[in-house]
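Taken verbatim from TrEMBL:
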BINDING   206, 226-229, 294-296, 300, 348-351, 528, 539-540  substrate binding site
BINDING   222, 387, 441-450, 452, 477-480, 503, 530, 536  ATP binding site
BINDING   222, 224, 445  Mg(2+) binding site
DOMAIN    284-384  domain 'Glutathione synthase substrate-binding'
């Protein structure tokens, strides 16, 4: 079902949509991404590798908590190829051991938050990154659909970034109530005032999707244009799963060839390297703008390593505060930091208000934007990735403002979920009546910010009672109901058996110099899996694990 059809249905009445898309046997259950209803797992969440095997037969039922006042049950289907809970425990112990060794040897590690220095000193307090022991099944047609969309979204981001009036007007209400967005728009306005042109434009994007179980539609969650992380770890987890299946695939009944190759780290590095070449100063460096304490530094260092070893480019890492202290712009527009010319600025920080604790950080962001360095992303690209712009682009007729190809427009609309502004009184009323089929999203990135379930109703009523423009800081989005799978999750050396849902991210690389498009590619993927009872999905935020795709 196309998003346009969904919007039409829900505007007419909520009941037919609810009946059509959520069958009575699963209605109000755990089939939703970020569900507020927690299914009782077949196993507890924490088991050491010595956990005894658990048999699951086709007649077993699993009680599902629906709410505080009622309960229902769902019959478990007979074991399938991807019912990973069926495997003998000794086999899982062996696979988990091999996976942990591989992860340690190949740098699939993060800083352990229990170690004070783990976010600042490399090699101190390491723990394996959370990952799924085995890949998640995904129809090959849906994977290809997502990959084919990447170049179209890349081009869309570039074109929208050039329409300054559209960005400013679309975000004008949000600016009044969201200080962070307001500051970003102020920088954008200053660049417009001095007629600053970004002739070399680099985008390392990631578009995230979920497969809606009832409609079988691949629907977009969001489009990330800044700090699109886990290209390094995404590539590593794919290699891990291909390795595991090459060793244990016969016993598991899985084929390593069904896990698609993932070159995200090398392709992201290629985008940065080619932007560095276009800048045409062989003595200049690529600067990673990072957070002061970064437990996820090794995902970033994997990208640095490719740039150094394959492309021979020097990488420096600086915080926003350090850029403010050490940075200056030469008369010709060159950005220097600590006396070193910078060709490309790659942001792995600056996407959240927490990254700007003082005016120092905002001065640094403005300084970089004023320079001739290639920004990944520029302030315009950053703004295109806001949730409000995503909602605006989903409106009828808006894509035609930026794209000419009707087939491309149709492909994009097919993946758009329902998206609405809170100034739409009809949709707000329906969301108050049926909050369980909506997600309320503020203008924030990084996980842990969205609003679900009864909290949607409570927040909407609160905003109505305030009678202010605070609602402009949010959008409403159709809630997606993905398939539930039996997952094996590895975190801190423990094996967890649970039921989970997954989100597919497709990386896209776009590089343009004036009228010449140098790169416009799909550039790898990232799969993230989380237990179905979790409302949020960020890996770094501690809600999800890294995964890969098993094509079916």
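Numbers run from 1 along the shown chain.
Each residue, glycine too, has its Cβ placed from N, Cα and C.
Each residue contributes its Cα atom, and for residue 295 (substrate binding site) and residue 224 (Mg(2+) binding site) these two points are 20 Å apart. For residue 206 (substrate binding site), the binding-site residues whose C-alpha atoms fall inside a 10 Å radius of its own C-alpha are 222, 224, out of 222, 224, 479, 530.
In this structure, of the binding-site residues 206, 295, 479, 530, the smallest number of CB atoms within 10 A of the CB marks 295. According to DSSP, the domain 'Glutathione synthase substrate-binding' (284-384) comprises 41 helix, 26 strand, 34 coil. When the alpha carbons of residue 479 (ATP binding site) and residue 224 (Mg(2+) binding site) are compared, the span between them is 19 angstrom. In this structure, the binding-site residues under consideration are 224, 227, and the one with the smallest number of other Cβ atoms within 10 Å of its Cβ is 224. In this model, the domain 'Glutathione synthase substrate-binding' (284-384) carries an average pLDDT of 97. Cα of residue 452 (ATP binding site) to Cα of residue 224 (Mg(2+) binding site): a span of 21 Å. Here residue 351 (substrate binding site) is positioned 13 angstrom away from residue 442 (ATP binding site), judged by their C-alpha atoms. Between the CA atoms of residue 530 (ATP binding site) and residue 229 (substrate binding site) there is a gap of 17 Å, rounded to the nearest whole number.
Sorted by the number of other CB atoms within 10 A, the binding-site residues 351, 452 start with 452, the lowest.
Counting only residues at least six positions away in the same chain, the Cβ atoms of 227, 289, 290, 291, 319, 320, 355 sit under 8 Å from the Cβ of residue 349 (substrate binding site).
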